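What TrEMBL records for this protein:
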- B:T181: FMN phosphoryl threonine (MOD_RES)
- B:20-38: transmembrane segment (TRANSMEM)
- B:44-62: transmembrane segment (TRANSMEM)
- B:69-89: transmembrane segment (TRANSMEM)
- B:95-113: transmembrane segment (TRANSMEM)
- B:125-144: transmembrane segment (TRANSMEM)
- B:208-226: transmembrane segment (TRANSMEM)
- B:233-252: transmembrane segment (TRANSMEM)
- B:258-279: transmembrane segment (TRANSMEM)
- B:291-308: transmembrane segment (TRANSMEM)
Amino acid sequence: MSQVFSFHGGIHPPENKKQSTRAPIGKAPLPKQLVLPMQQHIGGPADPLVKVGDSVLKGQLIAEPIGRISAAVHAPTSGKVVDIAHYPIPHASGLSGECVVIETDGEDRWIEHEGIADYKAIERAQLTEHIRASGISGMGGAGFPTDVKLHLGDNHIVNTLIINAAECEPYITADDMLMRERPHEIIGGIEIIAHLLRPSHILIGIEDNKTNAIHALEAAVKHCDLNIDIIVVPTKYPSGGERQLIKLLTDIEVPAGKIPADIGIVCQNVGTTSAVYRAVHKGEPLISRIVTVTGDAVRHPKNLEVLLGTPFSSLLEACDLRPEALSRLVMGGPMMGVTVDNDRIPVIKTTNCLIAATKQEMPPAPPAQACIRCGMCEQACPADLLPQQLYWFSKGREFDKAKHHNLFDCIECGACAYVCPSNIPLVQYYRFAKSEIRTEEREQQKADHARERFEARQARLDREAAEKEAKRKARAAEAAKAQEARKAAAAKPKEEAAATATAAPDIKQLKTAAAVARTKLKKAQKAFDEAAAGNSEGLAELEQALNEARLKAEEAEKALSAGSPAPAEGGDAELKQLKVAAAVARTKLKKAQDALKNAEDKGLEGIDKLRATVEALEQKADEAQKAFDAAQPADAAAKQESAPKETPAKAEPAAEPALDAKALKQQVSIMRTKLKKAETALEAAESDEERSSLQADVDDLKKRFDEATEAFNKVEKAKMDAAAQAGIDLKQLRIDAAMAKAAITKGERALKKAEADDERAQIEQELVAAQAKSDELHKTLSQYD
Amino acid sequence: MALIHLSSPHVSKANSTANVMRLVLLATLPGILAMTVFFGWGTLIQIVLASVLALAFEAAVLKLRKRPVGFFLSDGSALVTAVLLAVAIPPFSAWWVTATGIFFAIVISKQLYGGLGNNPFNPAMVAYALLLVSFPVEMTRWTAPITQNGEGWHVAGFLDTLQVIFGSVEQQWYDSFTGATPLDVLKHRAGLTTEELWRQSDVLMNGVAAWYAISAAWFMGGIFLLSRKIFTWHAPLSMLVALFLMASMFYGFDPDNYVSPIVHLGVGATMLGAFFIVTDPVSSATSNRGKIIYGALIGVMIYIIRTWGNYPDAVAFSVLLMNLCAPFIDQYTQPRTYGHKKANRGTKGKNQ
């Protein structure tokens, strides 16, 4: 015999089991309707296979499991599906869930079914599949799909199989009666499970208050080849808790956050073993179970074999309910059961007990008094927690501390609340704290997600910006190349003209092609998006089409951009520009000459400078004229005749005393200094005479200063005008020049870094182009500055 | 059908805080009886006076705090505080001494902290310490036990006692009925060895038996509560063992200058403290391991203050000091939870 160990805490509530064990297991009457929830187990709900109006036979599969952790649902009797909709289900939340409603026909006709003749002869996986197909889930309370526990995979080696027959909760006797009346089914089920798991020990844990059941099991075990130990444990709640029973029988604690299978232990409820037996040997899926109907509000408490889906009202009726006495209807035991607020709720796979309690039996809890930290809860806690501390932390919303005190190891058995002299609803406080912590963690997760998403987006934007920048640079380089080409064209106008004629493609056509391609791309994108949203098939094809369209559009776009700049910046434009430049230079020269003359007349200072300016301008004008003459193609002779006339005519109104801007600026500043000096002297002057003479000087200087300023302003304005006339935005020009410079610097840097010769050559080429562009720009700029 | 919708558990043990308090009061009866036998009516009068005042103060403060008076009065905690303070002060204390003490216990150290369950210090001990510091003369003038008063087992009459408490009597009357406690005598030994003291002192020769009897009575009450699982053995046992070990160590080392461990356990408030003060759940450490540490530290403190401190007895001060430490002890004495390799310690974030 094995030794019995112990677990900390535990309580001894009144058992209230005798009432329901007097009569043998009865058969519940067949109700008119069966309501079968699709979720009677832990995991994903089953998916209905039947439609409203379908006829079903007893044992027919009506809903299949979705996912690994799920269980099938079968029709408990023959009849017709009359509804598939949401109905109230037995759940702590009181919510409703999807149910299949079967109207029974009273014939109870079985679908063809057959057990497995020799389960040891078939593959174990096949046997597990058979159990899965029978819709068996844990019948002790949690309802975990049984096949999952029987097919653990290679990483779990099971050495101990524990059959939970403790049934520690008060009132419940369903397992007790099952063991008394059908011990061979239980042992048969154990044999099948043992065949699947191949454990080295098989232990049946049973509380010492079930003498008859112990005898029945012991008798049945004698006929079994397996080495099964029936271990009688002292009656103490919650010895039937999985972890507590494991501790009782093996002295091993299941590590926190792990499952028993991780330490080589699998627990199965006796009811489950019986269901496995029926499924394998008789081919009967799980369509009924034994339910204890008890409580002071029923006259004849007893155990009933009940079809799943039977409404509670039908069971209560069968046990002779006193409706006026009923105050609380509990599904499950008094310690961990769930109250239901109406009696139309159906029996499901985990319904082991139904307590129709009177008000005297389960009185409403008296108002909670202050916690005096008496520690009775601590002595009762089967998980070695400090319930009083958890209570303070939960109440004070100190969830971190509650977590640190292992709140999540609480199994909500209710032992602490049971013993609390101050009647504090401790378990409710823990549930509250747990849900708050879970919510907090979810929020935290959400926030983390949001942060990650934001960061990803930021990275994408940065990447896109970088790509854009690279593209822009590429374009700039291309433009520089074009400029180069233009320069060459300017040098050889004839060739250029010919080239323009042949090279220029039909831009209009290209534009149309690009637009068409764009439209196509858009359409393809839209179709793809719709398809993606609809999750329809053929997504891959669409994607391909989309990519093709995109490619086409890009090609069209490229062709357009390659075609358009050439004609736009052809020789004609260049010629015009040169012409304008020459005209401007001439105008400037004339202005400077006028200014010089004026200055000479007045005998102003800075004449030398002005003179130099004029000379420089003369030179420039000549250069410009020369350049223009050189560029002027023969076939543009007609244009040439009219253009020079036009340009000066336009420029003339602005042609006021023109001076070189720089010189004028200098002059203005000199004047300003002089004027300031004179003013200071004037202030410092003492005698009247001195003052009056100085005053005259100051006035004179002031006048001259004003004149100089005016001249400068005019020149400046003229410059701007001239530039505007030339169709050049000075500002833009300056920016372009700066950018070109930057591009050169970058290119140089890249050149230094570049290793491969190919690369270097390419960069060098680009650099030369950039340099050329930069020079060009500076030159243009210098014309106006 | 309208049924109650509640979450589990649906049953609870028929128990209440009032029931716990009633059991504690019941357990004080042997001690009260012994004190009445040996010291006369004073103890009983003090208990009645203290109880009435405690209920009155509690009701008044609850009213001011706008709490349901009847609901909270019925938990009986005020009565327990009143009885514990009443048996701790000298039986002939003037009424205003008791009143001051009760006021401080109920109003200041309990209700102002939020009432039952929220007080960090044991209310009776806070009041006792306050009285001892504020009225040293009154608080150290203990009644001489009946065994000491010469022939005829002479004890102060009921009316005399009433008059002592509510009025005033001549000094001579006082002198004939009061005297130093054994711990007092042992404290102020005037250069005598312990053995010489025992031979000389009337209190030690004749009076100490009364103290032993009273301690035995408290011990009985404590065992009763232990058997009813009102508290666990951890705190009282560890306190007594710690005190005994400390006393044994020094007594074994130098019996002339130190007092025997039996005397330490048998006189003064040792037994009352071990079973009725140290076990106060509200202000003590929480876990079983914590209670052992808490009790042991109190035992050690009692010995230290009794032997080298200024006061002859030390239960109140030791308990108050350890009340201060209880939250700290709690942090480091969490039990190892099922399925965990080791217990969590300290505050959140460490040793997780």
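Each Cβ is built from the backbone N, Cα and C atoms, and glycine gets one as well.
A TrEMBL annotation is a machine prediction, not a hand-curated record.
Bear in mind that the values here come from a model prediction, so they are computed numbers and not experimental data.
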Intrachain residues whose Cβ lies under 8 Å of the transmembrane segment (B:20-38), provided they are six or more past its termini: 44, 47, 75-77, 79-80, 83-84, 87, 91, 145-147, 210, 213-214, 216-218, 220-222, 224-225, 228, 230, 272, 275-276
Tertiary contacts of the transmembrane segment (B:208-226), as residues 6+ beyond its ends and Cβ separation under 8 Å: 23-24, 26-31, 33-35, 37-38, 145-148, 181-182, 232-233, 236, 263, 265-268, 270-272, 274-276, 279
For the residue listed as 'FMN phosphoryl threonine': intrachain residues, at least 6 apart, with Cβ closer than 8 Å: B:T140, B:W142, B:V203, B:W211, B:V267, B:G268, B:P312, B:D313
Interface present between the transmembrane segment (B:291-308) and the transmembrane segment (B:44-62) (three or more C-beta pairs under 8 A): no
Long-range neighbours of the transmembrane segment (B:258-279), counting only residues six or more past its ends (CB under 8 A): 24, 27-28, 31, 84, 87-88, 122, 124-125, 181-183, 186, 194, 208, 211-212, 214-216, 218-219, 221-223, 225-226, 230-231, 235-236, 239-240, 243-244, 247-248, 250-251, 294-295, 298, 302-303, 306-307, 312-313, 315-316, 318-319
